[in-house]
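Input: a single structure, listed below in structure tokens.
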Number of protein chains: 2
Amino acid sequence: MLYIIGLGLGDEKDITLRGLEAVQKCQKVFIEAYTSLLSFGLSSDGLSTLEKLYGKSITVADRETVEEKADDILSAAASSDVAFLVVGDPFGATTHTDLVVRAKKLGVEVKVVHNASVMNAIGVCGLQLYRYGETVSIPFFTDSWRPDSFYEKIQRNRKLGLHTLCLLDIRVKEPSLESLCRGKKQYEPPKFMTISIAIEQLLEIEQMRGENAYNDKTLCVGFARLGSEDQMVVAGTMKQLSDVDFGPPLHCLVIVGNTHPIEEEMLDFYELGKIQGQTS
Amino acid sequence: MLYIIGLGLGDEKDITLRGLEAVQKCQKVFIEAYTSLLSFGLSSDGLSTLEKLYGKSITVADRETVEEKADDILSAAASSDVAFLVVGDPFGATTHTDLVVRAKKLGVEVKVVHNASVMNAIGVCGLQLYRYGETVSIPFFTDSWRPDSFYEKIQRNRKLGLHTLCLLDIRVKEPSLESLCRGKKQYEPPKFMTISIAIEQLLEIEQMRGENAYNDKTLCVGFARLGSEDQMVVAGTMKQLSDVDFGPPLHCLVIVGNTHPIEEEMLDFYELGKIQGQTS
């Protein structure tokens, strides 16, 4: 049996009782490293906190070796109980769908233990989840690669009065260009997009397109370390938020659509200059 | 301090360690009854399971007395630690935003413990969460009230190739019309919308509008008891799903938009006639 277990957003205490029971009875425990590296601070310290809580040693399945590890995981799961731990909810990210598909094709039973993900925890700011349009991703721009497909999506959502969740780029274990040229892989340090970089890129595209999908006065909500004890939630215009220091990762951004009175009342509490960086 | 604690979707084991710790240190514990009645089977049995786990007695705050109870909850939270338990994630439903707003206005500190909600757990079927458009609600039609504002929303989502989550109506503690006429409130038995009723209503509106936003051949995914041990997930056309017996509540329905290959591979596993009612 393959258990895919969501760990939630904050730290080791965000696992559910169901998840904890499952991981404790598994013979092997893997953790996906792609997002967990950042959000759980999975230095060896963070990992040993989890290992102590579970009473199990944990193998980190990093992104590069995921193919190889997937085979290990699945062959172990064919004959014993295996846990694959995922930050947030197992299906918050696309990458885990592939593992499930492969498991099912091999006839390996899969059980999913759900948990909170960014997709629902953003509800904390008071904007209603059913009033969001399509979610967009903001990738790091490079000199030669400045993809802007998020622009039409945000524009569409805003025309309909809907809110837009912007997921901000994370780069973990990216081989450096220089090392690739030399034929020997070396990795760039992990890189995560801050809210100010996201806003800078958003405004660059708006300036280029000039269709006023949004502008620097558009109301947004910035989130840092959502679901953690020290989470930060601030509402303000794009211009205002781009000057806020949101601190360590992960960050995400919501571009606000039309608001209902109850949504406005909640947003008020998070407004810049009122109770800045309020945690809740 | 007011702790608003998500219980997740399945049963008492879906609370997080963080949530359990918080509820165990609270002097008073309330549970919102609106959805919990159905999804946690909160007969007195279900309630005592929770009480045993937490080592606390729990007060049910039903929907009708929510105003009154909100005052109780908030005045208790002003001077002690109070837990307000919510099925799913605290902000999956609009009703809890109001409680938070009132707490903040009174200067009562609020801490939120997130958990899984329907909004992210539907990811289990393989359709990517970021490819959903606006969520719609399907209310029970009556002889004189057949609201169809969901139609345009589904139509828009489908034109953009996006998936649509349809939340199906729940009626708990509705006073019967007859009893209201008599001036003495009596309640209708709890009523939840099944997937077949939802599809019947959807197709009725399509027939009336005739704009082919969808039809009985449109691919959908039906979910029952999502997140529970006995959850049921079936993919099929509207016509096919309307004949499936999904069993006890809660049900919800996703109308599929354009699909990516990895989404199709996952949906295949849930297709009617293949592995019907597969749990995962």
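A Cβ is built for glycine as well, from the same backbone N, Cα and C atoms used for every other residue.
Keep in mind it's a predicted model, so treat the numbers as computed, not measured.
The following features are taken from TrEMBL:
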| type | residues | note |
| --- | --- | --- |
| DOMAIN | A:1-241 | domain 'Tetrapyrrole methylase' |
| BINDING | A:L9, A:D89, A:G92, A:S117, A:V118, A:L168, A:L226, A:H251 | S-adenosyl-L-methionine binding site |
Going through the binding-site residues A:V118, A:L168, A:H251 in order, which have a C-beta under 8 angstroms from some C-beta of chain B?
none
Fewest neighbouring Cβ atoms within 10 Å among the binding-site residues A:V118, A:L168 goes to A:L168
With every protein chain in view, what's the tally of Cβ atoms within 10 Å of the Cβ of A:D89 (S-adenosyl-L-methionine binding site), excluding that atom itself?
32
So for A:L9 (S-adenosyl-L-methionine binding site), how many other CB atoms are inside 10 Å of its CB?
25
In Å, how large is the greatest distance between any two Cα atoms among A:L9, A:D89, A:G92, A:S117, A:V118, A:L168, A:L226, A:H251, the listed binders of S-adenosyl-L-methionine?
17
Neighbouring C-beta atoms (10 Å sphere around the C-beta of A:G92 (S-adenosyl-L-methionine binding site)):
27
So how many other Cβ atoms are close to A:H251 (S-adenosyl-L-methionine binding site), meaning within 10 Å of its Cβ?
24
Fewest-neighbour residue among binding-site residues, criterion Cβ within 10 Å, set A:S117, A:L226
A:L226
